[in-house]
Amino acid sequence: MSPSEYALEVAKRRTFAIISHPDAGKTTITEKVLLFGHAIQTAGTVKGRGSSHHAKSDWMEMEKQRGISITTSVMQFPYGGCLVNLLDTPGHEDFSEDTYRTLTAVDCCLMVIDAAKGVEDRTRKLMEVTRLRDTPILTFMNKLDREIRDPMEVLDEVERELNIACSPITWPIGCGKSFKGVYHLHKDETYLYQSGKGHTIQEVRIVKGLNNPDLDVAVGEDLAKQFRQELELVQGASHEFDHEAFLSGDLTPVFFGTALGNFGVDHMLDGLVEWAPAPMPRKTDTRVVVASEEKFTGFVFKIQANMDPKHRDRVAFMRVVSGRFEKGMKLRQVRTKKDVVISDALTFMAGDRSHVEEAYAGDIIGLHNHGTIQIGDTFTQGEDMKFTGIPNFAPELFRRIRLRDPLKQKQLLKGLVQLSEEGAVQVFRPLSNNDLIVGAVGVLQFEVVSSRLKSEYNVEAVYESVNVSTARWVECNDVKKFEEFKRKNELNLALDGGDNLSYIAPTMVNLNITQERYPDVIFRKTREH
């Protein structure tokens, strides 16, 4: 393959994830995006819990029962001359570190906001993670077919709370029962909405020109007049779209629509393929790797168990950073210094697997893993380096785990260590006793762990509350001071799954006091894998 053909393939790639608060419509928008990418024929509206029509992107058994997307799956589809990789992120009230880490593997994010509710808690947290890498953000204001808040007010809230400038690309005409469509500020066109056509791609009627009398006929004179006045205000008060500001994560283009009604999603996709960056350079511990390099490099950001219920396998998800992957390729796993031949890599359409013949920078591939691959592992064609920026996040919830059958302690430890390597949960072993404490970012992780311990390791475990409210990884450059710190705080120290020392605090107040008392000790909220 010539360098110019390779460059063309890489330039076509767009890799993004969707971030939202639960129930803002993320799963629905995922489906509609796949519909436009012709990856599915009709959208199985997510009735979620217990209906036979399951959304394409929700699949492990527990998800099917509960109608939530626990696992981060990957879907690839063509759109507008590009090849789009969509990484689905767990979006339910209970999510996990997987969600955070997935955001480290994308070049762009789509933020979905329920226009009736505005900025919600989970959206804030996820935006903080995108800030670690200044990821570009597109915004989709959803649920325009319902009664919503004043759009200007919601934009103002996004700017204020998320510290990002908003540039409206489309603007709604009415909402709820009187929702008539959206006007495209860049194209000077109005797209008219028809309700009840959400399952398929609809032929949308377009009215060219803001002052076209056809618009008054289509939406009614009063609404048209009100809309034109509103638009004048919007154009006066909002930011012009600036591509550089978008790429640096300082400005977000905003699109309005209804994912359920399948309206406005294509405008957002057009913006994504036009403005979102092709695969970006990434830092390693020795240098920066650029997507156009010939040699293959990639890193593992997530490990998923039991994608195939018939086989107890685990699949490691790897983001290709540079070069071209080919079937049967020999790659160096840098951490273990071993060369492995990858003959059966996978590509995904959420649960439907197909074997990869080739993959390029920006793509995500799955590697079969029998416990030898860990999160953060770097694969190269021989070069010794490690990609950085794939962190562990300090858990926010903690439980003590206890066995129903004390003779199975060995299986429990093995299971917990493997689950922690996958990033399903974090394990802490206090220095002062024999407890096993598990830490998570979302409550659902505890359920996932106990059901997987039972099905995969034949271990029945129960959780008990424990007096821990937060954890920090600790280190210090002054050996003497660190020894003193360890001696005086032994009751609050624990080793995590990778034997890294951490401070487990009963309260935030305790943590703050300890940090003040030991200014030379570094307390970290994230830790590199």
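Cβ from N, Cα, C; glycine included.
As recorded in Swiss-Prot:
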- 11-280: domain 'tr-type G' (DOMAIN)
- 20-27, 88-92, 142-145: GTP binding site (BINDING)
In this predicted model, the domain 'tr-type G' (11-280) has a mean pLDDT of 85
Residues that sit under 8 angstroms from Leu144 (GTP binding site) by C-beta distance, when 6+ apart in the chain | Ala115, Pro172, Cys175, Phe179, Val182, Phe256, Gly257, Thr258, Phe263, Gly264
So of Ser20, Thr89, which of the binding-site residues has the fewest other Cβ atoms within 10 Å around its own Cβ?
-> Ser20
Within 10 angstroms of the C-beta of Asp23 (GTP binding site), what count of other C-beta atoms is obtained when all protein chains are considered?
-> 16
